[in-house]
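Residues or ranges marked as active site, tele-phosphohistidine intermediate in TrEMBL: 14. As annotated by TrEMBL, active site, proton donor/acceptor applies to 107. Feature annotation from TrEMBL assigns substrate binding site to 13, 14, 15, 16, 17, 18, 19, 20, 79.
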């Protein structure tokens with residue numbers, strides 16, 4: 001039995017957020033906590049993040065109309081929704097294309113480690129820092145938070161929904177760094193070692209594009225082929241700075 005996939009899937013990390021900026025400032029100052037007032041779901045894009053989203057939207061708009069996204073699905077977090085809305089407004093073939101929100105695309109939940117820098121975790125929760133060193137980020141689940149495996153479980157369900165409802169469509173997904181990596185793990189059937197090696201090579205850039213194309217003559221598990229990863233040429237061409245900060249709410253993803 002063959003899996004039915006969208007014709008094309010783009011997975012995009014949101015533009016730079018105010019939280020990304022706050023985290024960098026906290027790390028530079030050696031603070032234990034990240035100074036940001038909003039809860040994570042409400043953290044907005046920075047001015048630079050808006051510029052990045054505009055640049056990516058312009059790139060999508062330059063594609064032939066038959067090759068532009070016709071479905072946009074986003075995390076309900078404000079920074080992801082804003083990125084998706086900016087892109088949507090620029091698609092001439094899909095004027096007013098509504099963005100579908102799906103909570104399964106939300107950021108990894110960090111529980112008691114929320115808003116702590118690496119220094120803060122070591123100082124305030126040394127037991128969790130040690131557990132993470134022992135288990136590794138893939139399996140470590142902080143109290144009231146999630147491991148990468150927890151994120152993967154909800155994303156498997158999300159991909160089933162995409163396959164069921166958007167077969168033969170061109171789907172743009174706007175979410176978060178860990179979501180991008182966990183999507184790669186699922187779609188490409190990677191091992192823990194393989195996805196962590198990809199992660200070690202560097203953070204996913206804000207508004208970086210990961211792209212898959214459907215191969216209709218392949219069987220289950222091989223139907224989507226990676227054609228781009230962390231593609232930032234649209235930003236470079238538009239003169240928008242490329243940023244790749246870790247998300248703000250915790251130092252250790």
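Placed from the backbone N, Cα and C atoms, the Cβ positions cover glycine too.
Candidate binding-site residues: 15, 19. Fewest other C-beta atoms within 10 angstroms, 19.
Here the residue listed as 'active site, proton donor/acceptor' is positioned 11 angstrom away from residue 13 (substrate binding site), judged by their C-alpha atoms. For the binding-site residues 13, 79, the greatest number of Cβ atoms within 10 Å around a candidate Cβ is found at 79.
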